Amino acid sequence: MKITMIGTGYVGLVSGACFADFGHDVVCVDKDSSKIAAIESGQMPIYEPGLDQLVGGNAAAGRLSFTTDLAAGVKGADAIFIAVGTPSRRGDGHADLSYVYAAAREIAEALDGPAVIVTKSTVPVGTGDEVERIAREARPDLDIAVVSNPEFLREGAAISDFKRPDRIVVGTTGDERAINAMQQIYRPLYLNQAPLLFTGRRTAELIKYAANAFLATKITFINEMADLCEAVGAEVQDVARGIGLDNRIGSKFLHAGPGYGGSCFPKDTLALVKTGQDHETPIRIVETVVQVNDLRKRAMGRKIVKAMGGDARGKTVALLGLTFKPNTDDMRDAPSIAIVQALEDAGAKVVAYDPEGMAAASALMPGITMATDAYSAAQGADALVLVTEWNAFRALDLKRLAASMNAPVLVDLRNIYPAAEVRAAGFSLTRIGDKAVDA
Ligand code: UDX
């Protein structure tokens with residue numbers, strides 16, 4: 001199949017490279033010429049394990065190419081995927097669809113024959129209808145089908161998620177040619193037993209939001225249980241294990257922490273809330289999840305101040321990890337941003353180290369000092385806070401860290417350190433959802 005991918009952001013680049021790896025002929029298009037030039041020279045615009053080899057290998061094999069010329073990229077394609085950004089619109093939280101609609105029009109204008117247009121960007125219910133209207137208006141002469149094919153990949157595990165998905169969701173309006181094209185495109189996966197679920201187009205659009213909102217709700221639920229554990233003297237990790245072993249609940253996404261961040265959960269929960277309000281069907285659970293999560297991120301700052309004895313003025317706090325989760329350089333809606341803000345408001349000075357996120361974090365938070373590693377971050381600090389659970393932080397020499405600090409206070413916001421070891425190293429310890437804290 002000949003596939004064109006519009007947008008070389010996270011989803012577009014990973015999907016394009018994976019489709020090429022399946023043996024399809026893929027052209028990736030992006031307006032940003034410096035981005036295209038960088039990718040062609042082997043510089044990936046994002047940090048994602050294995051992506052550079054996948055792109056390089058498939059480009060060398062002649063199955064994957066890049067261009068800034070949308071019209072040229074679209075010519076002769078069997079399917080054109082729209083994978084452009086859908087940021088939250090400033091002010092009202094709705095997804096901004098201007099890039100999607102602009103792409104739909106440009107694609108249609110450039111088409112030289114019948115084609116299937118596939119929206120892969122996360123788009124609110126009804127966007128497919130509008131994409132179809134725009135495309136037909138631009139090219140009434142052509143047979144165009146518009147399909148929704150949401151993406152469920154996780155940053156940091158995107159390639160394996162793409163190649164071994166739990167399911168592939170395809171929403172159509174029943175067009176046979178579109179269904180056949182999507183079956184051909186995903187053939188290598190459903191031969192691997194991945195269920196290919198065909199639904200209505202609006203349904204597919206909603207599935208994506210429902211999945212993310214459900215996972216965000218699950219995390220928020222266990223986060224609130226963590227707060228209750230602290231209040232009543234229980235341990236949230238055991239609560240998570242105890243409920244997660246019930247198959248109806250499941251053990252995943254029950255890790256209590258500083259609140260969810262990233263490019264999907266915050267944006268998609270907000271967009272679902274807006275869709276519900278627009279249709280006079282408020283999704284109250286998700287509205288609450290959004291509020292609770294926002295408050296939680298700042299509350300983590302107060303938790304750190306409390307661990308330091310209640311006064312942060314003139315003190316130095318060292319943060320380990322800044323990105324919203326490990327194995328990414330993505331800082332979007334990272335809990336660290338609200339934590340830093342709260343600490344600075346409380347009068348503290350912040351020092352931080354992150355394996356991949358410091359460049360993006362410096363631009364967002366110019367007031368913090370970046371350290372070259374975990375040990376230099378901790379040097380002379382009044383508290384050490386584990387914010388993001390990078391593997392590199394799991395095997396640190398805790399004794400060395402404690403000895404180098406002004407006050408050996410450890411706040412573990414991901415519960416990765418065994419309490420006994422931390423205390424044996426000389427630290428006082430604060431965890432999430434565990435009454436057994438020293439502060
Ligand atoms: C998510 C979805 O998993 C993916 O299917 C969707 O397509 C995009 O959004 P991603 O944002 O890459 O993927 O990260 P994910 O691993 O899901 O984590 C999201 C946030 O939730 C992170 O901040 C993470 O730290 C937090 N989280 C996750 C928890 O706090 N506890 C958990 O148990 C799981």
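Cβ coordinates come from backbone N, Cα and C, glycine included.
Listed features, source TrEMBL:
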type: ACT_SITE; residues: Cys264; note: active site, nucleophile
type: BINDING; residues: Asp30, Lys35, Thr86, Thr122, Glu155, Lys267, Arg332; note: NAD(+) binding site
type: BINDING; residues: Phe152, Leu153, Arg154, Glu155, Lys208, Phe253, Leu254, His255, Ala256, Gly257, Gly261, Lys325; note: substrate binding site
type: DOMAIN; residues: 318-419; note: domain 'UDP-glucose/GDP-mannose dehydrogenase C-terminal'
What whole-number distance in angstrom separates the two most remote CA atoms of the NAD(+)-binding residues Asp30, Lys35, Thr86, Thr122, Glu155, Lys267, Arg332?
24
Out of Leu254, Ala256, Cys264, which of these recorded positions shows the lowest number of other CB atoms within 10 Å of its CB?
Leu254
Can you tell me whether DSSP puts Lys35 (NAD(+) binding site) in helix, strand or coil?
helix
Looking only at Phe152, Leu153, Arg154, Glu155, Lys208, Phe253, Leu254, His255, Ala256, Gly257, Gly261, Lys325, the residues listed as binding substrate, what is the longest Cα to Cα distance in Å?
24
Whole-number mean of pLDDT values that fall within the domain 'UDP-glucose/GDP-mannose dehydrogenase C-terminal' (318-419):
97
Helix, strand or coil for Lys208 (substrate binding site)? Use DSSP.
helix
Between Cys264 (active site, nucleophile) and Ala256 (substrate binding site), what is the CA-CA distance rounded to a whole number of Å?
18
DSSP-wise, what's the residue breakdown of the domain 'UDP-glucose/GDP-mannose dehydrogenase C-terminal' (318-419) into helix, strand and coil?
34 helix, 18 strand, 50 coil
Including all protein chains shown, what's the count of other C-beta atoms within 10 A of the C-beta of Arg154 (substrate binding site)?
13
Under 8 Å Cβ to Cβ from Glu155 (NAD(+) binding site), same chain, six or more residues apart: give me those in sequence order, or none if nothing qualifies.
Tyr10, Glu48, Gly262, Ser263, Lys325, Asn327, Thr328, Asp330
